[in-house]
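> What follows is a structure written as structure tokens; I'll ask about it next.
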């Protein structure tokens, strides 16, 4: 059995999957915020309960926001303070007497989608998250590409390309990102960015769902706004696709529920790609909230 943990600032979620990649059991507990020992106990108790329930010693994978293992072997995860700065993988492997694998939550999202029955035919899968921020992951032959610093797939911190500035207007403000850089695409393409663009052009504070509702009603300003956003997304994604050249792009996050993104994006991409490039298949994520657990569990499938 494959045990997948999706760990965040408020909850530890465990999903148990069988060899057919089907969810058999899940359970959630609150994430301890202050005590590392309590954090380890919470994970180990869930593993022990799963082992007893299924009569086996399942493999353990964990998805967590942040850098799973820094150069000194410790975790960096600002949203999980009880475990940040601690050698989480080594400590859990020792306590559970098995190989525990960690990766960041965005890679686990991408891995979950790459192992979908419909998508396993594609060697190179790119996950793109358009949510509170912009991120994602790359999966090659069923295995995450992590890189030295676990920042592969941090697409949101690429800068706006020159033709995006031409498209949006020369007086378009370059916003400072939370990472400290200026002009990161996450500030324009995330759900927050979608709402910020509306306020910038129309001087009216609305949230993304409200703007999308106006678009669905045929509001002219909302139609123009969505058209502008999709063009901006296409030019930024075109840069990424020129580097990565995936077979499939799977889009997750809150904005993935807006069908215009997956239905219209492919038609806008060719003019932002090399003439010989083929537009990849673009799909909405299939597994929703379960994706984090699925992807973490499947960190052991690539063996």
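Positions of Cβ are set from backbone N, Cα and C atoms, glycine also.
Note that the coordinates shown come from a computational prediction; the quantities given were computed from them, not determined experimentally.
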> In Swiss-Prot, the Zn(2+) site includes 177, 179, 184. Which of 157, 203, 225 does it also list there?
157
> Applying a 10 Å Cβ distance cut-off over all chains shown, what neighbour count does residue 139 (ATP binding site) have?
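Result for residue 139 (ATP binding site): 29 neighbouring Cβ atoms inside 10 Å.
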> For residue 135 (ATP binding site) and residue 177 (Zn(2+) binding site), what Cα-Cα distance in Å is obtained after rounding to a whole number?
14
> 10 Å Cβ neighbour count around residue 157 (Zn(2+) binding site)?
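Step by step: centre on the Cβ of residue 157 (Zn(2+) binding site), count other Cβ atoms within 10 Å, giving 19.
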> Which residue, out of the binding-site residues 8, 137, shows the minimum number of other Cβ atoms inside 10 Å of its Cβ in this structure?
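Checked 8, 137; of these binding-site residues, fewest Cβ neighbours within 10 Å: 8.
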> Fill in the CA-CA distance, residue 177 (Zn(2+) binding site) to residue 133 (ATP binding site), as an integer in Å.
11
> How long is the line from the C-alpha of residue 139 (ATP binding site) to the C-alpha of residue 157 (Zn(2+) binding site), rounded to the nearest angstrom?
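The Cα atom of residue 139 (ATP binding site) is 19 Å away from the Cα atom of residue 157 (Zn(2+) binding site).
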